[in-house]
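Database features, via TrEMBL:
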type	residues	note
ACT_SITE	Ser134	active site, nucleophile
ACT_SITE	Asp228	active site
ACT_SITE	His267	active site
COMPBIAS	82-96	compositional bias 'Low complexity'
REGION	82-101	region 'Disordered'
MOTIF	36-40	motif 'HGGXW'
Amino acid sequence: MPTETFSYGEDHALQTVTVTTLSEALDKKYWIILIHGGAWRDPNIDAINFSNPAISTLTTSPAYAHVLPHITAFASISYRLSPHPSHPQDQSSISPREYRSAKHPDHINDVQAAIAFLQRKYGFEERYILVGHSCGATLAFQSVMGRFKAGISHGPLAVVGLAGIYGLRLFRDTHKEISAYQEIVEGAFGDDEAAWDAVSPAVAKGADGVEGGWTEGRWAILAYSPEDSLVDASQREAMDDTLKGWWALQSEDKLRCAALMPLGGEHDECWEKGEGLAEAIGYAIEKQLEIAP
């Protein structure tokens, strides 16, 4: 499997996307585009260590032999990160290309720039599945919100969120006793809480939300583990409720479906071991084939 890493931007070393190609054919196959988590700021999580365990599982396990022929390639996106208090940097002695100082909308701009780069290079149009974990799930669903729709030419057929953060204020409020949650959201989005709501996939409604932006969508899948101690189930419930507005706009010739998928283990286990992430990708392909074989 040939793997290449490309730069999609010139401003920062983290503006890269790593592509693993399984097939040159586009017809009836899907690109799997992956977005890592890490609270918008963790430099220890990157595109490669996030995706490699799942790619290995999908390409070697007999359990996925039936879905592998439907995958053209995997693309895993790195994006600019916000500062992390446990990983300080000295701005006076580090290159601007290495300095982590991202603020919204830098993260979502990078994700959409990476998708635009892939579209220009490979031209798969809507035949892709966007898969994000934790804040990567935030970014995946932000990518199809009406507010950010101008950033991509073709929306994905499916979006999969694993252990996702979909409501920023809810994320903070549910963990008010732990200051790190406030610090995470402020570090990435600033201190204007009305602005948090405007960019939260589970909060924004109408033309600015998912229902107004994701016209190409067929499947929305929310995966969550009850053993997750960092992101609680209320995030999935809030996003599931919001997706009802998107689902209600389906037509006979363009069905829309939403599903809840169970995961096991702690917050990061699904990608660290690869099994949960692989299972979610396989599930998304199976579901997409049910309505568009």
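Here the Cβ of each residue, glycine as well, is placed from N, Cα and C on the backbone.
Overlay of TrEMBL annotations on the structure.
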residue	record	DSSP class
Ser134	active site, nucleophile	coil
Asp228	active site	coil
His267	active site	coil
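When the motif 'HGGXW' (36-40) is classified with DSSP, helix, strand and coil residues number 0 helix, 0 strand, 5 coil. Around the Cβ of Asp228 (active site), the same chain contributes Ala163, Leu263, Glu266, His267, each under 8 angstroms and 6 or more positions distant in sequence. Shown for the compositional bias 'Low complexity' (82-96): DSSP residue counts in helix, strand and coil, namely 3 helix, 0 strand, 12 coil. Per-site Cβ counts within 10 Å over the active-site residues Ser134, His267 peak at Ser134.
In the predicted model, the motif 'HGGXW' (36-40) has a mean pLDDT of 99.
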